[in-house]
Ligand SMILES: Nc1nc2c(ncn2[C@@H]2O[C@H](COP(=O)(O)O[C@H]3[C@@H](O)[C@H](n4cnc5c(=O)[nH]c(N)nc54)O[C@@H]3COP(=O)(O)O)[C@@H](O)[C@H]2O)c(=O)[nH]1
């Protein structure tokens, strides 16, 4: 039995008790002594009153534990009092009982009315019964028994109805409270679409004031766009076989107040008295949708610049390609890489780097048309997509755009109160000429961007097929390079560098050769850039350093006893924190004095990471190792490098030397370089000397050393030893 229903037990027992008292008094006079009759009547009346009182308290939920403990003692105390009263005068028994019961019912009725509206009918009928009892007590004679019986029966039926109403109302209220306490909307509709039940949350979600407003409405009245057909079609889904419940849908509802509400609808069938209804739960998923949108955004947007990220860009480019294909139009992809961005990050920190990226992105965005797409592709890489271009125009439109971007970058940046110059390198690929899917176009633009970088930064290049062949070649070489050191596929050749005045062999340049088991002989011009890109140049350079020093060690105590070995060092080697240690170990292990080693660097190495390069070169010079600037004249040819890096030697590039006999411009340029080198106290080496005439001019100009095919080609070590022996004999005799 439910806790609430125990009131019926108390009331039932109370009623039984009162009836038992009546039987004892009116029907048991012949079987019991008067004292027993009086006592039992007093006991049953007390039991009945306590039962009514306790039932009422229980009904309204106010029967406390400590009160319940007094119920049985209360019956005995009250019985004692009634017995004592009637013992004096047993004529008081009937009117006294009616009076006591009447007063109790008046109290119960008043109490119920005061507690809740739903008890008003019950309370009123009980008060009437109470009043009727009092009236009966005052005037009830045997002649009135018939009237009394009818009156009391009518009132009992009325209070029964009042009780049924109160209990039903309570059950309904409990049900309503339960569905109202649900955190989601809830409604029950019938086959025709009429709403039978709805909770307050449902009303609120749909823009109504109360749930009551919804009851009786047709579902199509709930939302402006909802038609009768849609309402019927929804219900039909519940009649279908093999349906998994709940039927779950998500939708964005257009509400009557003009707002939109993203919801999840959970529909389940509900059968009442053989009729199929549909029970719909509405879950407000605005918050979930906001989070989904945020995640979607995060997956598509670069947090630093707020631009599309790589994934979003790919998807967008695929769309633009499809559009261009369907309309016979073109589109272009610009792959933009900020030069030297790493230096900004390293020198000023990542916050400054981010600021620079945002400024660069802002400048680019400013140059673009509303439909153009700008995305951050990676660290310092951006991509611009120019969509919907007329046939034949993609190439020049992209080149124009690239020029504008290069100009915008050239105006310099202010980052963390520092004025910085950051250039960009741009590669261009067009649809349909250079690829017909997003991956191919981006890859082609990337390859073209690398070509632009190689051309010396701040440049743009448009993709062409030869670049692809080159990139593919790079991939093949990259694959073949792996394991080539362990497989002993590399060896060194040595090219003599002689004193221009005396002809004496004073230096040799070690040059790397690769005889690949897969590709055959591969020239350094092809494999060195690939090794530099992959980072393998560090291992390869270390091998060259050790091998060359070992060779010079082996030449000790011979004609090449005091020769200086010159080796080429790439930027990545110099950035390797182990590099200086490796150099010093190579010297010690092979017994070389530091002046016997000269490291050849190109201008590109020097500009890449000035602060670090300066520090490393300082440590190398402290060791006593010589530093030589290779290919001078081909790169930036900046005088500041010559003073800034404390170089020992300047190597004049072959490109100038080859023309000095015939070109006045080359002649005067080489002359100027030599004069400048002298003034800075540098040793000068002329590269690519191929003729005696060139050698003579260079010697006359004051060049200290000569290197080139005129003296000797790069040769294996044993040939070089023979050459050196021959030369020293010739020099001695000469
Ligand atoms: N980081 C490293 N780079 C290296 C290493 N070994 C070589 N290289 C670089 O590869 C480039 C090509 O070198 P290579 O094919 O060996 O060419 C050298 C000489 O053979 C060539 N040379 C010398 N004299 C002449 C000449 O009279 N005519 C002519 N046509 N070519 C000549 O010049 C190259 C030497 O160049 P340089 O280093 O600039 O002095 C080249 O850039 C090498 O630097 C290595 O171990 N590590």
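Heads up, the Cβ atoms here are built off N, Cα and C, so glycines get one too.
The transmembrane segment annotation in TrEMBL covers 36-55 (among others). Away from its own ends, the transmembrane segment (36-55) comes close to residues 7-18, 20-21, 24-25, 28-29, 63, 67-68, 71, 74-83, 86-87, 90, 93, 97, 100-101, 104-105, 108 of its chain (Cβ-Cβ under 8 Å, at least six residues beyond either end).
If you look up TrEMBL, you'll see 67-86 (among others) marked as transmembrane segment. Long-range contacts of the transmembrane segment (67-86) within the same chain: residues 38-39, 41-43, 45-47, 49-50, 54, 57, 92-93, 96, 100, each at least 6 residues beyond the stretch ends and with a Cβ under 8 Å from a Cβ of the stretch.
Within its own chain, the transmembrane segment (92-109) has Cβ neighbours under 8 Å at 18, 21, 25, 38, 41, 45, 48-49, 52-53, 56, 82, 85-86, 122-138, 140, counting only residues six or more beyond its boundaries. Feature annotation from TrEMBL assigns transmembrane segment to 92-109 (among others).
Feature annotation from TrEMBL assigns transmembrane segment to 121-140 (among others).
The transmembrane segment annotation in TrEMBL covers 146-167 (among others).
Away from its own ends, the domain 'PAS' (171-208) comes close to residues 118, 214-220, 222-223, 228, 231-232, 235, 253, 255-257, 259, 261, 263, 270, 275-284 of its chain (Cβ-Cβ under 8 Å, at least six residues beyond either end). Taken from TrEMBL, the feature domain 'PAS' applies to 171-208.
Taken from TrEMBL, the feature domain 'GGDEF' covers 329-465. For the domain 'GGDEF' (329-465), the DSSP counts in helix, strand and coil order read 61 helix, 41 strand, 35 coil.
If you look up TrEMBL, you'll see 474-728 marked as domain 'EAL'.
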The domain 'GGDEF' (329-465) [mean pLDDT, rounded to integer]: 91
Residues of the parent chain within Cβ reach of the transmembrane segment (121-140), under 8 Å, 6 or more residues beyond its termini: 94-96, 98-99, 101-114, 148, 151-152, 155-156, 158-159, 161-163, 165-166
